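Everything below concerns the one structure shown next.
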Amino acid sequence: MFSVCLLMRWLFMVYVDYVFISRKDFDGFKKLFHRFLQVKGPSVDWAKINRPPEELIQPYDRIKARGLPDNIAVSLNKLAVVKLNGGLGTSMGCKGPKSLISVRNENTFLDLTVKQIEHLNKTFNADVPLVLMNSFNTDEDTKKILQKYKHHQVKIHTFNQSRYPRINKESLLPIAKSMGTSGENAEAWYPPGHGDIYASFHNSGLLDKLIAEGKEYIFVSNIDNLGATVDLFILNHLMSQPADKRCEFIMEVTDKTRADVKGGTLIQYEDHLRLLEIAQVPKAHVDEFKSVTKFKIFNTNNLWISLPAIKRLQEKNSMDLEIIVNPKTLDGGLNVIQLETAVGAAIKSFNNAMGVNVPRSRFLPVKTSSDLLLVMSNLYTLDAGSLTMSKKREFLTTPHVKLGSSFTKVQEFLARFENIPDMLELDHLTVSGDVTFGKNVSLKGTVIIIANHGDRIDIPAGAMLENKIVSGNLRILDH
């Protein structure tokens, strides 16, 4: 109760700046904060966790085998595509929205998304709009760039997710002194996770607008997942169900590998499908959660959600998403917490929800320069904004690539490659230290290149490295 009273005092202190943030944001934060104070202990009882019944996790091949009707355009016209566009490119050394980073042939994430949807609309004479959920960090820059798409055959809408104050870990008081986001308040605010999509979408009026236009479903995904394209077979599965058994929520999952052990998974919990995130797992069971034998699938965050169902749940205020407490240390050393929610956590609230176990190709996120190297290489071909694995690659799996800290920032990464190596026959690549690559380099099998501190390795133009370890010092100088 003490913290709630302090919170109310803080709200009164900044009330003079109220005009800069919506009342609904304030109400949303108060509700989330109050729930945070009430929650004691883990949000799940481990003993109640069960694997989902097989019928609730459909194999993608079974859905695809049903084929497509001739009138699939009718279903497309009931769909909108929503991309989560709240993140910045700072982790890759870039300023501004991550969606504006060039990833392939000078195309940004946003360029590729627009091209994908435009190709759908032209091919099927459909009207699938693109909706961007921006944050206060990305909204201004994104809106400026949208002008370049005004002659494309795709309608683009935007709305903003909420802006909540970070909380001092010790006092449990918001650290913001006012509603401003510059100066001493630069680190005081944050977008509260993609679970905020439901309230923000509803509050923006865009949810009602799309329903009025005849849209029934949204396909939601992270804008940096280049595998998250509209899948006509999943769409048809949704639209072909009887009205009284209509699935309101599909989560695309895929088989877990050792690289995905921290990814959220679907469980059966108290007769409902539920998303279990690692942050919710009691410490004693974390190793069990990471097991690829017990929890075999993970959430790709590609989601198909009923618009009328979102409206119903929002109006009834019955979407109770688990709170993720995200600790942060600010530049000045202050320890704070962010209260967040995940969009997939809402699966438990929807009727007839299910998972679809999709091919790994539908999960192609670009989080690091190592991921960027993969999607820029000849491992993938680009067609109408979509990346697909090259038919020249003998294996469907992607190589494991680990680039060192010298490659972290995109500009530094690009400067170290005269062009992207041939990687069609690569299995594993590790690069550490001051390393550069000349033109037309070919990498095959397992390649490890390590330049020790103070050394530099220049891989010469035309070099072919197959199952090689390169270390020491190798300089190629102009004569």
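Count begins at 1; order follows the chain as displayed.
Placed from the backbone N, Cα and C atoms, the Cβ positions cover glycine too.
Bear in mind that TrEMBL entries carry predicted annotations, made automatically and left uncurated.
TrEMBL has this to say about the protein:
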- 1-21: signal peptide (SIGNAL)
- Lys98, Gln161, Gly193, Asp224, Lys367: UTP binding site (BINDING)
- His194: substrate binding site (BINDING)
The residue listed as 'substrate binding site' versus Gln161 (UTP binding site) - Cα distance in angstrom: 8
Site extent for UTP (largest Cα pair distance over Lys98, Gln161, Gly193, Asp224, Lys367, Å): 21
Cα-to-Cα gap, the residue listed as 'substrate binding site' vs Lys367 (UTP binding site), nearest whole Å: 16
Neighbour tally for Lys367 (UTP binding site), based on other Cβ positions within 10 Å of its Cβ: 14
Most crowded position, judged by CB atoms within 10 A, among Gln161, Gly193, His194, Asp224 as binding-site residues: Gln161
Spatial neighbours of Lys98 (UTP binding site) that are distant in sequence (at least 6 apart) but have CB under 8 A: Gly87, Leu88, Gly89, Met92, Phe109, Thr138, Ile223, Asp224
